[in-house]
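Per TrEMBL, the feature GTP binding site maps to 106-113, 187-191, 245-248. Residues annotated as domain 'SRP54-type proteins GTP-binding' in TrEMBL: 266-279. Annotated coiled coil per TrEMBL: 294-321, in sequence order.
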Amino acid sequence: MFEDLEAKLANALKKIKGQALITEQDALEVLKNIKFALLEADVNYKVVKDIEQELKDKLIGKQIEKNLTPFQTIVDIIHKELTQILGDESSNLIINSKPFVVMLVGIQGSGKTTTCAKLARLLKSKGRQVLLVACDIYRPAAVKQLQTLGKQLDIPVFSKENTKPQDIALESLQYAKANGRDIVIVDTAGRLQVDTQLMQELVEMKEAIKPNEVLLVVDSMIGQEAVNIAKKFDENVGISGLIFTKMDADARGGALLSIKRIVGKPIKFIGVGEKISDLEQFYPDRIASRILGMGDILTLIEQAKNQIDEKEQKQLQKKLKKNQFTLDDFLNQLKKIQKMGSITSIIKMIPGLNKIKMADTNEFDIELKRITAIIQSMTKKEKENYKIIDASRKRRIAKGSGTDVQSVNKLLKQFEEMNKMMKGLDKNKALHIMKNLGRM
Ligand SMILES: Nc1nc2c(ncn2[C@@H]2O[C@H](COP(=O)(O)OP(=O)(O)OP(=O)(O)O)[C@@H](O)[C@H]2O)c(=O)[nH]1
């Protein structure tokens, strides 16, 4: 869909090669193409018009960035704008009460029940005691589905027969308190369409249990219709955020942009597959890249903007050669990796880390936090020369980082293997890897 955009833009921008500033005429030419591309991606018309106006103001008279071509400068500005619209606020759940109650709402088939389980798994993996609550009593299969998923995840599921959904939800809170569950995730009923009875039931449930979050689950495949659904749910029930499912199937993502703009509620997570682990935190810049469909160009832009990386790469290479590559350098490189969207190919190069399913960025975040804690618990000397880390130092580091000796050993082994691998590579390949690491 957006393959064309790149060609059209490149064409439109040929003319401004060598200019120092973007003129009004150039901006209008580019914006015409951007407008069509966004409409094709199913972005709401009014949103497209607004974006067009905002971009116009930002583009005209803009200086071409030093290391960038006019084309790259413009794509960079557009990418930043889309990222900002998609949400600059954190998509994290701020868990500040016990129990912390999350109500998932949405129309039938949006992926609500599955998403309840995915979210439960994600929070469990962060050490939370989760309780799932089956309030979709109109579709008996939904209760069963949730129970099966709960069993699979070893997470209790609260359900009750012949009881109103509002009462089930209310009773589940008592159960959570009595059983030390600190997060309650309530699966609610869906209808084929948004109807008044459903809304009324959800309003009553919300009043009864006063959830910390009401998250609307939306199927990203339904395109613009998602905006109407989100508006209705927000007006009638009041939502605090959204989860978009089936992002693995939808190539566009225009609906995310429209909803964020029109409804103004943050997108918290995205579903990226049918598996229970396929739920990711929402990263606006990654979705903006996807909407633009210019991943490669954006990477190039980042590289060009960070010319300084060249220097850093050379320094790192020198350090590796002289055996001076420290655990701090290792950590810095990993942090850079985290910032990048598409990390899989780079991760594969790092021994030990490649075993983690890296499409799951949540797992990478968890792993990185663990590694950071361990390295930060080391003394300066230890970071500079890991060989002095003996058994008693390992015990101290494990204690200080809240991990265990096994984790410390694993990290040291990863570091050692990476060191070895980098040294074993020929100069060009090593530089290529460092370049990849360095550009992130
Ligand atoms: N590919 C893909 N499929 C998904 C995703 N999330 C959910 N699904 C699938 O969507 C279908 C519907 O999911 P459910 O969880 O049953 O939907 P629901 O909204 O709970 O439906 P009701 O309980 O009837 O309201 C199932 O086949 C899920 O496997 C996703 O992120 N990607």
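Each position is counted from 1, following the chain as shown.
For all residues, glycine too, the Cβ spot is worked out from N, Cα and C.
Keep in mind that TrEMBL annotations are predicted by a computer and have not been checked by a curator.
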Go through the chain and flag residues at least 6 beyond the ends of the domain 'SRP54-type proteins GTP-binding' (266-279) whose CB is under 8 A from any CB in it; none is fine as an answer. 86-87, 89, 91-93, 111, 114-115, 117-119, 121-122, 149, 152-153, 213, 215, 220, 241-248, 256, 259-260, 287, 357, 359-360, 362
For G106 (GTP binding site), write down the residues of its own chain that are at least 6 apart in sequence and whose Cβ falls under 8 Å from its Cβ; none is a fine answer. K112, G190, L216, V217, V218, I229, F233
Calculate the per-residue pLDDT averaged over the domain 'SRP54-type proteins GTP-binding' (266-279) and state the result as an integer. 91
Using CB atoms and a 10 A radius, I'd like the single residue among the binding-site residues K112, R191 with the highest neighbour count. K112
Counting only residues 6+ apart in the same chain, whose Cβ is under 8 Å from the Cβ of M247 (GTP binding site)? S220, G253, I270, G271, V272
Counting other Cβ atoms within 10 Å, pick out the least crowded of the binding-site residues G109, T188. G109
Going by DSSP, is K112 (GTP binding site) part of a helix, a strand, or coil? helix
List the helix, strand and coil residue totals of the domain 'SRP54-type proteins GTP-binding' (266-279) as derived from DSSP. 0 helix, 6 strand, 8 coil
